[in-house]
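**Q** The GTP 1 binding site annotation in Swiss-Prot covers 9-16, 56-60, 118-121 and is backed by sequence analysis. Taken from Swiss-Prot, the feature GTP 2 binding site applies to 199-206, 246-250, 311-314. Residues or ranges marked as compositional bias 'Basic residues' in Swiss-Prot: 467-487. Positions annotated as domain 'EngA-type G 2' by Swiss-Prot: 193-366. Taken from Swiss-Prot, the feature region 'Disordered' applies to 449-487.
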Amino acid sequence: MVPVIALVGRPNVGKSTMFNRLTKTRDAIVGDLSGLTRDRQYGDATWQGRSFILIDTGGITGDEVGMDEKMAEQSLMAIEEADYVLFLVDARAGMTAADQMIAEHLRKRNKSAILVANKIDNIDPDVARAEFSPMGMGNAIPVAGSQGRGINALMEAVLGHLPRDAEDEALDQEVAEGEEAVRIPGPSEKDGIKIAIIGRPNVGKSTLVNRMLGEERVVVYDEPGTTRDSIYIPFERDGEKYTFIDTAGVRKRGKIHEEVEKFSVVKTLQAIKDANVVIFVMDAREGVVDHDLNLLGFALEAGRAIVIALNKWDGMEPGERAYVKTELERRLFFVDFADIHFISALHGTGVGNLYKSVQAAFKSAVTRWPTSRLTQILEDAVSEHQPPLVNGRRIKLRYAHLGGANPPLIVIHGNQTESIPKSYSRYLENTYRRVLKLVGTPIRIEYKGGENPFEGKKNTLTDRQVNKKRRLMSHHKKAEKKRRDKR
């Protein structure tokens, strides 16, 4: 399971700055979900190949009233959701009563935490550590979040405390043995294709899970984890193995009440990261709302294959259906590669077709193509539409190879690749998608420059070359002297 890290502390100690730096600001952020995650933002972050979910919270002072009280409650909830806590304090302001209160709360909850002394600009780190030592949280790690100072040391400490899964250990073993570390995930014999059913509350996720499992389902086990873990439900259909990653909690047939289904952002984000394919469920009667876009954006940034299911399609008038389809085209243009199904989970209409799209999306996400195939597609694309000129020189793209899967990562080598415009990258992405007939999965393209490895370096001559150079110079001097003497 993907670990969850919460940033907590008083207001204005630099939590949001730290959040933006660790998520690199370009990663998907799922936050500001009204009534559920006010002043909690969720981001997908990766450090040294290790992925985790980061939670940014509002400040805690201990004397909140009104809206501030609600914000503080959300921060305390984030602590409960997290596997690990980064407790930020302000090195300039020194230790406060609010800092001590938060430290006491973390001790009571028995939470694993690291004390982070932020804003150490022009402050002696040893002085900062001594200032906060009375709180009993161990030695503070000094950082300057706005400048990035100390972040590497902080993350080294954090990663040392986070659990490692089998995939991380296998990757480390490959690196230790000198193998190329490219993850190409596939369905294990035990799990099959892992499918996450995600969506807002009350869109019919529970009903869809049970409808897809069916009356004749083969469930090996229902194994609930901790209160933060999802439920993994292995089953078979037509000889194919699947595993549902269900975020709606334990349920029994006939006892599902959609109106009380609990929604957990953390469960959903963890399910997305752990899945091969995401089935994104929407309520056709409500159309596309901002919450849908937030969650769908996170699935896209995580690189997961996506299938969209528009539930509660039955009973809608033709005019309503036409309007919803228009809205889908307008607002979901960024996932136009995903299959869309119009279903009724309650009555089973169209549900069976989801499996075909799941298999197609998974196949597209994990298929391995040889370098020769990817390079030929690149050459054909460049021949049809050349890259632009940069300072009078044409960008050259030489060859391409597969760098990873789920999502497919195509690595393209060439020169001046840092100057390739986004429009040309989209052209290449669309070309690969069309030629390889990819459906249901995003594609990522990464460029590698072809810098001259000898640029700026002097050649070191061998002894033989030095002697030869001396002989040539001596011969040249003698010949020059003879020409002068003849004159």
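A Cβ is built for glycine as well, from the same backbone N, Cα and C atoms used for every other residue.
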**Q** Hey, does DSSP put GLY9 (GTP 1 binding site) in a helix, a strand, or just coil?
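**A** Strand, per DSSP.
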**Q** Which residues, given as numbers and ranges, are at least 6 beyond the ends of the compositional bias 'Basic residues' (467-487) yet have a Cβ under 8 Å from it?
**A** 461
**Q** At the Cα level, what's the spacing in Å between THR57 (GTP 1 binding site) and LYS205 (GTP 2 binding site), rounded?
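**A** That comes out at 28 Å between the alpha carbons.
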**Q** How long is the line from the C-alpha of ASN202 (GTP 2 binding site) to the C-alpha of ILE60 (GTP 1 binding site), rounded to the nearest angstrom?
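**A** Their Cα atoms are separated by 32 Å.
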**Q** I want to verify one value. Collapsing DSSP to three states, which class is ILE120 (GTP 1 binding site)?
**A** coil
**Q** What average pLDDT does the predicted model assign to the domain 'EngA-type G 2' (193-366)?
**A** 79
**Q** Fewest other C-beta atoms within 10 angstroms of its own C-beta: which of the binding-site residues ASN12, THR57, ASN202 fits that?
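**A** Lowest Cβ count within 10 Å among the binding-site residues (ASN12, THR57, ASN202) is ASN12.
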**Q** Do me a favour and check the Cα-Cα span between TRP313 (GTP 2 binding site) and LYS15 (GTP 1 binding site); whole Å is fine.
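**A** Cα to Cα, TRP313 (GTP 2 binding site) and LYS15 (GTP 1 binding site) are separated by 43 Å.
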**Q** Determine, to the nearest whole angstrom, how far the Cα atom of GLY199 (GTP 2 binding site) is from the Cα atom of ILE120 (GTP 1 binding site).
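**A** The separation of the Cα atoms works out to 42 Å.
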**Q** Looking only at the compositional bias 'Basic residues' (467-487), what are its DSSP counts of helix, strand and coil residues?
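**A** Grouping H, G, I as helix and E, B as strand yields 20 helix, 0 strand, 1 coil.
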